[in-house]
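Visitor: I have a structure here, written as structure tokens, and I will follow up with some questions on it.
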């Protein structure tokens, strides 16, 4: 209201409780536009910036020892602040020679020493199982991790939903009894590619439900181009980096195939690697370039062959002796800038190639043992470090993670992971965390609280929630206030006492029925056995009557029957002749008898 009263010709706003006045349009016509003094506004903004710069420099100068400070006159500082616009302005007195800000020091140290970029100060361990973790996958945002292993299980880990107990929220076996070889989220993170030991790759959604399954080809057709799918065990697979519906697989049938999620009945295209003699070779790993225009495959004869994605017949680049002949190349990965290709060979080497000069490697590292066909390598997010793991035999030491400088290929750093082989490694660019899969069923996550983002940092700070099982056992009582005491249920005073009382109740504690003592009743056999046959056998075994002399056994009741006849004897008293029993003969010694007269037993 005060502002409206200053402006002439502007009607005052209606006061509370009073009806609003209708103002004609003619009252607003004929007014002049407001004018702004831009030079004054710029000058005010400049002065504000100068004051803020002085405050910031004052805080920085407080860190400098007093003997290094050089104070200047007020005129000099004013003159330097009001100097020419072409020169760089520094507000306040100059800093001593050689002084650098702490932030600048950290940045320059990281540039000069790339070891400080490795986030390995902290680690967490995820227990996948007891067998080798042969596959790792992180979605593009870094919120979920999936692990797969030789135990056929695929486990889902949600960093935001996990607490310090580090438990997976879902476990499933998508490929029945086939080892998991590769897991990867698509570029949008909504589906997962699962490559296992069978011939059909599967695509799952984020929650593990099946989306599609590739068709199986006809193994009786010689030309693999004429089959609709793979006919032998898969080796590897990956998603297209730009097209979210397309993925790539390679198999022991000697082909590399591209697929569309929306068409599970047939592949899109087929690439057939060939040896120098034109024979079929088996691709052991495959990948896309970062722009998705090239497809690379490492083969069993040690060669690396690269095709244009749109031309599946002839290779665009190839190197026949990339690795030792007869060794399985376990991993190929392109650098982020797309000019370099790293290969992890079965001949215990790690090599880096320039695809523009693909005849010989730029650098090579040797004696990096590898026992698994999926031992991989990866680039750091800044493209300056190359990482790979090594394998060890049982009891042969610790598996390590090696870090090599991309330019010089010198070993910068190594991490002792565990007393088993290091199979998988993954360095996520957004989280700046390193995931490692080992041969003893562990998935380790290395991170730094300062350099890393989210991921493992979210779950380690959450305390483990204590489960109270007593809450599920108790039941709520509804008590009517005016019920008679004789119908009123006793109020539950303590959970522990109620549990002790329920323990004594055979119905609530599900106490098994005790064995029946005696001959048995109600259709149940007594303690002699659980079945009728065992009961009969038990009684036969307990019968200890001596039947060695059958005459005595028959006549043991003859005297009593003669003295007290009851059933048979009175009926035949007149007609029955007198019973005559044979006399008991003394046992003769058979030792004097001839051999043919002796009793034969």
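Positions of Cβ are set from backbone N, Cα and C atoms, glycine also.
Residues or ranges marked as compositional bias 'Acidic residues' in TrEMBL: 102-112. The compositional bias 'Basic and acidic residues' annotation in TrEMBL covers 489-513. Here TrEMBL flags 519-529 as compositional bias 'Gly residues'. Residues or ranges marked as region 'Disordered' in TrEMBL: 1-20, 68-121, 489-530, 578-601. The repeat 'WD' annotation in TrEMBL covers 126-158, 227-269, 288-308, 332-356.
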Visitor: Let me know the model's mean pLDDT on the repeat 'WD' (288-308).
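Guide: Summarising the repeat 'WD' (288-308) by its mean pLDDT gives 90.
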Visitor: Below 8 angstroms Cβ to Cβ, which residues of this chain, lying six or more residues outside the repeat 'WD' (227-269), approach it?
Guide: 181-182, 184-188, 190-191, 193, 195-201, 203, 211-219, 221, 280-292, 295, 297, 309, 312, 373-374
Visitor: Same chain only, please: residues at least 6 beyond the ends of the repeat 'WD' (126-158) with a C-beta under 8 Å from a C-beta of the stretch. Say none if there are none.
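Guide: Same-chain residues near the repeat 'WD' (126-158) but 6 or more away: 166, 168-185, 187-189, 192, 194-195, 206-208, 372, 374, 421, 423-426, 428, 430-431, 433, 435, 437-445, 453-455.
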Visitor: Counting by DSSP secondary structure, give me helix, strand and coil numbers for the repeat 'WD' (227-269).
Guide: 0 helix, 19 strand, 24 coil
